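Asks: Pulled the feature table from TrEMBL, pasting it below:
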{"type": "BINDING", "residues": "Asp74, Val77, Gly79, Asp81, Ser83, Glu95", "note": "Ca(2+) 1 binding site"}
{"type": "BINDING", "residues": "Thr201, Asp254, Thr257, Asp262", "note": "Ca(2+) 2 binding site"}
{"type": "DISULFID", "residues": "Cys42-Cys122", "note": "disulfide bond"}
{"type": "DISULFID", "residues": "Cys75-Cys80", "note": "disulfide bond"}
{"type": "DISULFID", "residues": "Cys128-Cys334", "note": "disulfide bond"}
{"type": "DISULFID", "residues": "Cys207-Cys239", "note": "disulfide bond"}
{"type": "SIGNAL", "residues": "1-28", "note": "signal peptide"}
{"type": "SITE", "residues": "Arg69", "note": "site 'Transition state stabilizer'"}
Amino acid sequence: MALSSLKFFSILQFLIIAFSMLSTRLNADDPPLTLDYYASSCPFVFDIVRRVMECEVLSDPRNAALVVRLHMHDCFVQGCDGSVLMDDTVTLKGEKKASQNLQSLKGFRTIDRIKSMVESECPGIVSCADIVTIAARDAVMLVGGPYWDVPVGRKDARTASLELANANLPAADEGLPSIVSKFLYQGLSVTDMVALSGAHTIGMARCQNFRSRIYGDFESTSDRSPMSEIYLSRLRSTCPAAPGSGDNNVSALDYVTPNLFDNSYYQILMTGDGLLNSDQELYSSIFGVETKQLVQCYAVDPLEFFKQFADSMVKMGNITNADSFATGEVRRNCRFVNSLIRSE
Ligand code: HEM
Ligand SMILES: *[C@@H]1O[C@H](CO)[C@@H](O)[C@H](O)[C@H]1NC(C)=O
Ligand SMILES: *[C@@H]1O[C@H](CO)[C@@H](O)[C@H](O)[C@H]1NC(C)=O
């Protein structure tokens, strides 16, 4: 009797642990997100976010790209829980120094601005994770992309993970199979990956991230789809060969329409002019039979791209941090947990 209840207990414990490990990344259940979560507690939150994003994008269209990337880098690390926004403190190591974020991830001030407007209207109600998610949708729409409804109700984590940020975020010099596995790990499909990569139709990349591509270290990819000479020489004038020189010089990910959310990114890949090696691999990798077909599809069918992008953004936004629903909070300041903020 004692033995069997012990056994039962340990099986239960195992199941609880296994389930909580699974649910933090796979969201097997529908996450408890709804469209009307703030309908009575903060009815104008969507308007407030929109208004600030309009100003931000008007003052610099790059701000749209920054916020979209910020959302992705939030969701890929312990779910969309605002963890990416947290500053380092003596007790918390944030994600901002992760290899893919350091000197690269921006847009934090835009989120601060939105947050303070939202706080003045409905203090303590709207999570930073939701603000980033809504702002990313507005960003896409404001530069010509699709519109979709944003499920909300996320909580902000009280922790961040530099380790997971280093492990989970895809990099420009990574091969296609490895990038695919990082998306699958998040519960996102190959189709989601190719559609979401279409976010590279806006924004910039730093020299450091495309240097090896333009100076021929990716022989195989470059051989199969050589970049046009004109584009190559333009990139080389922005990005010198010697590591350390001009590392932070930027170039548009989509040189045709850098500030417009359209499908030209995919058309560019078909000409071999993808800026990042990881972009070009979607079309040119020997492992990319399926991804190549998707690139071809989105290159000729902008509406199919928009539809899939919107669906995949909702799916990425659904990667929830189960722990944050139990132990999370609505941060007053997106950079710090509430217990650190003394002035009340
Ligand atoms: C498929 C794997 C991906 C890889 C390997 C990747 C990698 C990168 C890299 C290296 C940069 C340039 C960063 C810099 O030089 O500072 C970048 C920029 C960007 N990424 Fe991705 N990314 C991927 C997927 C995504 C996804 C899924 C989204 C959003 C849905 C996204 C949105 C962006 C945006 C908007 C920018 C431009 C940011 C700016 O202007 O600063 N990326 N990405
Ligand atoms: C950075 O790019 C500009 C042109 O976009 C170029 O004039 C400058 O020389 C580059 N910086 C370095 C260190 O090469
Ligand atoms: C995302 O979550 C919402 C709310 O739980 C759900 O209604 C929707 O079907 C999910 N969408 C996707 C694409 O996973």
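Note that Cβ sites are derived from N, Cα and C of the backbone, with glycine treated the same way.
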Asks: Checking your reading of the structure: which of the binding-site residues Asp81, Ser83, Glu95, Thr201 lie inside a 10 Å Cα sphere centred on Cys75 (disulfide bond)?
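Replies: Correct set: Asp81, Ser83.
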Asks: Ser83 (Ca(2+) 1 binding site): which of the disulfide-bonded residues Cys122, Cys128, Cys334 have a C-alpha within 10 angstroms of it?
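Replies: Cα within 10 Å of Ser83 (Ca(2+) 1 binding site): Cys128, Cys334.
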Asks: From the recorded positions Glu95, Cys122, Cys239, pick the residue whose C-alpha lies nearest to the C-alpha of Asp262 (Ca(2+) 2 binding site).
Replies: Cys239
Asks: Filtering Arg69, Gly79, Ser83, Thr201, Cys334 (recorded positions) by proximity to ligand 1: which pass a Cβ cutoff of under 6 Å to any of its atoms?
Replies: Arg69
Asks: Compute the C-alpha separation of Cys207 (disulfide bond) from Val77 (Ca(2+) 1 binding site), stating it in Å without decimals.
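Replies: Here the two Cα atoms lie 25 Å apart.
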Asks: Distance between Gly79 (Ca(2+) 1 binding site) and Cys128 (disulfide bond) at the Cα atoms, whole Å?
Replies: 13
Asks: Other than Asp74, Val77, Gly79, Asp81, Ser83, Glu95, which residues of the chain come within 8 Å of the Ca(2+) 1 site, judged by Cβ distance to the Cβ centroid of those residues?
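Replies: Residues close to the Ca(2+) 1 site, other than Asp74, Val77, Gly79, Asp81, Ser83, Glu95: His73, Cys75, Phe76, Gln78, Cys80, Gly82, Val84, Ala129, Ala157, Ala160, Ser161, Leu164, Ala165, Asn321.
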